[in-house]
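For reference, TrEMBL has these:
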- 41-75: repeat 'PPR' (REPEAT)
- 177-211: repeat 'PPR' (REPEAT)
- 212-246: repeat 'PPR' (REPEAT)
- 322-356: repeat 'PPR' (REPEAT)
- 426-460: repeat 'PPR' (REPEAT)
- 641-733: domain 'DYW' (DOMAIN)
Amino acid sequence: LHCPPDHYTFPFVLKACGELPSFRSGAAVHAVVSTTGFDSNVFVCNALVAMYARCGELDDARQMFEEMHDKGICDIVSWNSIVAAYTQSRDAKNAVELFRIMTNDSEIHPDIVSLVNVLPACGSLGASLHGMQLHAFALRRGLFEDVFVGNALMDMYAKCRMIEQANKVFESMEVKDVVSWNAMVTGYSQAGRFEEALGLFEKMREEKIELDVVSWSAVIAGYAQKGHGYEALGVFRQMQLCGSKPNVVTLVSVLSGCASIAALLQGKETHCYAIKCVLNYDWNDPGEDLMVINGLIDMYAKCKSTNVARSMFDSVAPSDRNVVTWTVMIGGYAQHGEANDALKLFSEMLQEGNSMKPNTFTICCALMACAHLAALRFGKQIHAYILRNRYESVMLFMENCLIDMYSKSGDIHAARVVFDNMQHRNSVSWTSLLTGYGMHGYGEEAIKVLDDMRAAGFVPDGITFLVLLYVCSHSGMVDQGIRFFESMHTEYSVTPELDHYACMVDLLGRAGRFGQALELVHSMPMEPTAIVWIALLSGCRIHGNVELGEYAAAQLQELGSENDGSYTLLSNIYANARRWRDVARVRSLMKYSGVKKRPGCSWVQGKKGTATFYVGDRSHPQFEQIYKLLADLIQRIKAIGFVPETNCALHDVDDEEKGDLLFEHSEKLALAYGILVSTPGVPIHITKNLRVCSDCHNAFAYISMIIDNEIILRDSSRFHHFKSGSCSCRGYW
C-alpha cells in the first residue's frame, strides 16, 4: 500500500526529529519535502524552522525563515518560531531585533505567543524600556489578562531589576498559577530582598498553593547568591521535611551556599545525596551531571579542600569538561593562595585550543593568580590574549582586573596606561588605581586621582576612604589622612567602620603619634579587634616603644589572637632594645603555644621562569655564583658607607656573627640571582612573603647605587622601588 506523506504528515515527523534531537534525520526529511513539492507549504516550512531550532542549528533555521519570507508565505507562527529559536539559543539581541521587524509588517499581528517569546529576551538584555513598551502593547490589545503574558512580564521586570514594577504586575493579575508565585519569589530573592521573598513563600504555604521544586529552589538560590549559606541550608532542610524532591538546580544552589560559608561537612552530605539520587555517571545526559560536579568542585575548592576538588576535576574526561569546570578549579586555586597551580591549569586550558575558550571569570581568576605571585610576564601574556581575542563586551571587568594585576606585579605605570585607555570606568576602576598608587607609596598621585574621580561625578564611599587612609599611611601623609578621616562623616555621611579605625591607628603609629593612636583606640564605638592592636604593635616596632608594644601584645593575648606575626613584632621590639631574655621568653611562648614562625621566602623573575629562595638557601644550581656575587656586592657597598643593622638578627651573638646571619636573608639571595640573570637596565622584580627587614632594605638602597637595574621589591606590606640609592617608600614601611 503506497500512501505518500502530505502537509499533515511532515510537521509530525519534523517535530519528532526536533524532540530527539536528530539533525541528520531532519535534514533528510527536508530533502523529501523539497522533492515532493511541499517546500512552499507554510505549515511544513514552519515545522522545518522549529526542527532546526530544536536541533541547535540556528543558521539553518534562519535560512529557512528567510526563504519563506522571500516567498511571501510567512505567517505569525513563522515569526514566533524564529523569535523563539533565538530566545532559546540565548541570542536575545537578534530575538528582539526580529520582533521589531515583525511589528513593522502590517499584515502580521503579534499574539500572546509572540509576547511570551520576546519578553525573556528583553529581560536578558536588561532592555526595560522595550519591555515596558511591550507591556503597554499587551494592555492595548487585551493580551495582559493571559496568565502566561503576566508571568513573562514579571520575569522581565525582575531581570531588569525593576522589582516594584514586577510586584505591580503580580498584584494586578486576576488569575495566578504557581509559576506566577515562583516568578515573584525568584525576583525578590535575586534582588536580595529576602524578607519579601520569604513572606511571599510563606503566603504560598498559607494559601495552600502547591509548592514545587522551583519555589524551594528560588529561595535557596537567592540566599546562596548573596552569601547567606546558613539560611540556604535551613530552607533546604525544610524542603526535605516537606517531602519535595530537589533537582539539579536545587543541589547546585545548596553547594553554592555551603561554599559561601566554607561548610565542608554539609557540602559532603550534599555530595552523598547527589551520588545516591542525582548523578548518573553514564554521561547520557552530561549537562545535568556536569552542573552538579562543577558545583562540587567549587564547593570543595572554597572549603580549602583543593586536593578533593582536583580529584573531581580530573575525574571528568577532558572532552566532557566545559568552561565552568575549568574556571571553578582555576578560581579555587587562585583564591586560596595556590597561584602556581592556577596558572599551570590555565596554561593547560589554553592548550585545548578553540574547543575551550576561557570566559571573563576564567581570565580574571588567572589575573588574580598573577597578582598574587607578582608574575608580571605571565600577566602581560594574558593581557595580550585578551586583546587578540576581543572581549569587548566585558572589557570593563577585565580592565579593572588588569589594573589590579599590574599594580600588584610592580608596574604601576602599566596600570595607569590601562586606566587611561578605558572607554568606560566605574568606582572599582578608580579604587583599583588609588590602591595601586598607595601600595607603591605615590601619595601625591593618588590625591590627584581622587580629584579626577570627584570631577568625573563619583562620590567617595567607605571603600574609597579605606584606600585613601591606606595611601596616606604608606606615604607619610599624616595630616592629610586625619583630614580624610574627619571628613568621612561630616562631608560624606560615611560612618567609619573597624577597618577605618585600624588604618588610622596604623597611620598614627607609623608617624610615632602614640598618644593620638591610643586615644583613638579608646574612643572607638566598637571593641578593638586584633587588627587594631597589630597596627599599634607594628608602629611600636618602628619606633622602639617597648612599653606600649607590651600593652598591645597583652591585648592580643587576651583576645586569643596571637599569631607568628604578632610574636615576631614583639620579639623585634625586644631585640632592638637588646632585651635578649625577653626575646627568648617570646620564643618559648611561641613554642608552648604551638605557633610556628613562617620561614622567609623570596622569589624573583628570571629569563627561564621564577626562582624561589629561603633563608640560607643552597638548593639552587647556581648557589655558588649567587653567594660569590652577594659577598662582592656587600664588600662594595660597605666601601661606600653601608653598615649592617645587626639588631635585625634576633640572636644574642656578636655583631660579626649577626652580619653572617643577615647575609643569607632570602631577599638578598633573590637579588643576587636577579642581577646574575638580568640584562642591565631591566628592572629586577622580587617578591617576599614577609615584611622586608631594615638591614636588607638599607642594603638594597646601597646596591641600587652600583648596578644599572631598578630593584622593585614587594613585601607583605607594600612595594619598594630602589633606584640610585633611594627608595620610593621614603622610610614609611
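Cβ from N, Cα, C; glycine included.
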Worksheet item: How many of the residues that make up the repeat 'PPR' (41-75) does DSSP mark as helix, as strand and as coil?
Response: 27 helix, 0 strand, 8 coil
Worksheet entry | Intrachain residues whose Cβ lies under 8 Å of the repeat 'PPR' (426-460), provided they are six or more past its termini | 396, 399-400, 403-404, 406-408, 412, 415-416, 419, 467-468, 470-472, 474-477, 480, 492, 494, 718-721, 728-730, 732
Fill in: Folded-back contacts onto the repeat 'PPR' (41-75), same chain, C-beta under 8 angstroms, at least six residues removed
7-8, 10-11, 14-15, 17-19, 21-23, 26, 29-30, 33, 81-82, 84-86, 88-89, 91, 108
Worksheet item: Which sequence positions outside the repeat 'PPR' (322-356), separated from its termini by at least 6 residues, show Cβ-Cβ distances below 8 Å to it?
Response: 290, 293-294, 297-298, 300-302, 304, 306, 309-310, 313, 316, 362, 365-366, 368-370, 372-373, 375, 378, 385
Practice prompt. For the repeat 'PPR' (177-211), find every same-chain residue at least 6 residues outside the stretch whose CB is under 8 Å from a CB in it, and list them.
Written response: 147, 150-151, 154-155, 157-158, 161, 163, 166-167, 170, 218-219, 221-223, 225-226, 228, 231, 242, 244
